[in-house]
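Per TrEMBL, L-histidine binding site is recorded for 106, 107, 108, 133, 149, 153, 302, 306, 307. The feature domain 'Aminoacyl-transfer RNA synthetases class-II family profile' is assigned by TrEMBL to 36-392.
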């Protein structure tokens with residue numbers, strides 16, 4: 001049943017009033033701008049998107065993940081208090097029966113709820129689905145209010161940092177496979193972040209609020225983040241300055257060793273635990289051959305409340321562009337981390353299931369690929385049709401229908417024009433414009449001789465094949481192409 005059938009009319013009215021804003025003054029006629037943060041995807045867009053998703057999903061499967069799905073909406077109480085300050089970005093629905101519902105904000109919290117409800121203690125899963133956030137859309141950076149996420153998660157009790165290292169390996173495989181250009185994955189640990197706050201003098205009650213501010217350092221300058229912490233969140237200026245000394249530090253495993261010797265951080269038990277895990281993580285990343293793509297960055301905070309350990313975020317260093325063009329700035333294209341306490345929040349007895357995972361930012365990646373194709377003038381073929389059934393004469397519809405049925409029944413992707421008597425030139429032009437490689441032609445002469453003509457659209461060469469052998473000949477040609 002479609003989602004529309006599951007929600008009462010009033011709930012959808014509530015949702016639509018939030019999701020869709022009136023057209024802006026520049027919109028005319030039936031054309032709607034993208035200022036409301038949603039978009040239509042043309043057949044050309046879908047071809048590109050499906051190729052990206054195929055690469056991502058095949059990587060997830062290569063690492064042993066199982067697919068799953070969850071409802072597009074959850075009880076609001078399921079989602080609240082999981083996202084910190086971002087909880088205000090959820091889309092709320094109100095059911096006729098009085099239940100408060102919200103569209104899912106991400107795929108992680110529903111997954112944790114699923115594990116708890118079904119008492120699953122161990123699982124490696126991937127999930128591709130839409131999520132919704134009421135934030136200001138930035139179309140030029142691939143940011144929308146409705147967007148697709150691709151998640152991979154490992155749930156279960158395992159030895160430290162082995163699943164975490166695999167998640168980072170998966171991120172590297174996907175970003176390398178998409179050929180988006182050079183990238184860097186920043187890593188940190190929530191225990192190091194909290195330890196840093198503690199030794200700098202941040203009151204524990206402000207940890208999450210200050211963490212949310214630090215998370216903006218990839219979008220805002222330090223002076224602006226400092227202003228927010230001091231003026232808006234009431235942090236003492238000298239405390240903010242001590243934090244500033246740390247968040248400017250980034251490097252490799254040598255920085256981890258350096259932080260072990262830091263006079264303040266080395267006195268914090270939480271921070272030492274996080275540093276110990278990061279040191280072990282870098283050992284595994286070296287064995288995976290990806291340590292050069294990873295940077296220990298103390299400015300990385302990840303604002304979501306549910307993270308408890310290692311956190312990471314992938315940034316493109318520069319997207320491929322033509323000479324003279326400005327690089328596209330889209331921010332992070334993948335992120336994730338460890339969330340060991342989230343499942344326990346949904347379990348009546350508080351039983352925890354340790355989890356670690358990652359999310360690929362498909363919309364931002366899609367935007368980069370789309371812009372690159374526009375720059376290069378690349379054309380996208382929107383169908384996969386392999387063979388076109390044509391005729392040069394009138395009254396051959398029945399013969400064409402017989403031929404195309406044979407092709408379909410043999411698993412061959414085939415098309416024909418929906419006209420009784422189409423012109424041959426029109427049929428051949430259609431093949432050239434849509435990129436169909438082969439044409440089978442049936443006419444009076446072919447029918448009389450018991451043959452079918454097979455035409456290569458590219459070379460325009462034609463060959464006559466016995467009627468009973470034409471499917472086998474086409475299959476042979478397709479396998480060789």
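A Cβ is built for glycine as well, from the same backbone N, Cα and C atoms used for every other residue.
When the binding-site residues 108, 149 are compared by the number of other C-beta atoms lying within 10 angstroms of their own C-beta, 149 comes out lowest.
Less than 8 angstroms from the CB of residue 307 (L-histidine binding site) sit 190, 337, 338, 339, each of them six or more residues away in the same chain. Around residue 106 (L-histidine binding site), taking its Cβ as the centre, 20 other Cβ atoms fall within 10 Å, counting all chains. Residues 106, 107, 108, 133, 149, 153, 302, 306, 307, recorded as contacting L-histidine, have a largest CA-CA distance of 21 Å. Within 10 Å of the C-beta atom of residue 302 (L-histidine binding site) sit 22 other C-beta atoms, taking all shown protein chains into account.
Mean pLDDT for the domain 'Aminoacyl-transfer RNA synthetases class-II family profile' (36-392) in the predicted structure: 90.
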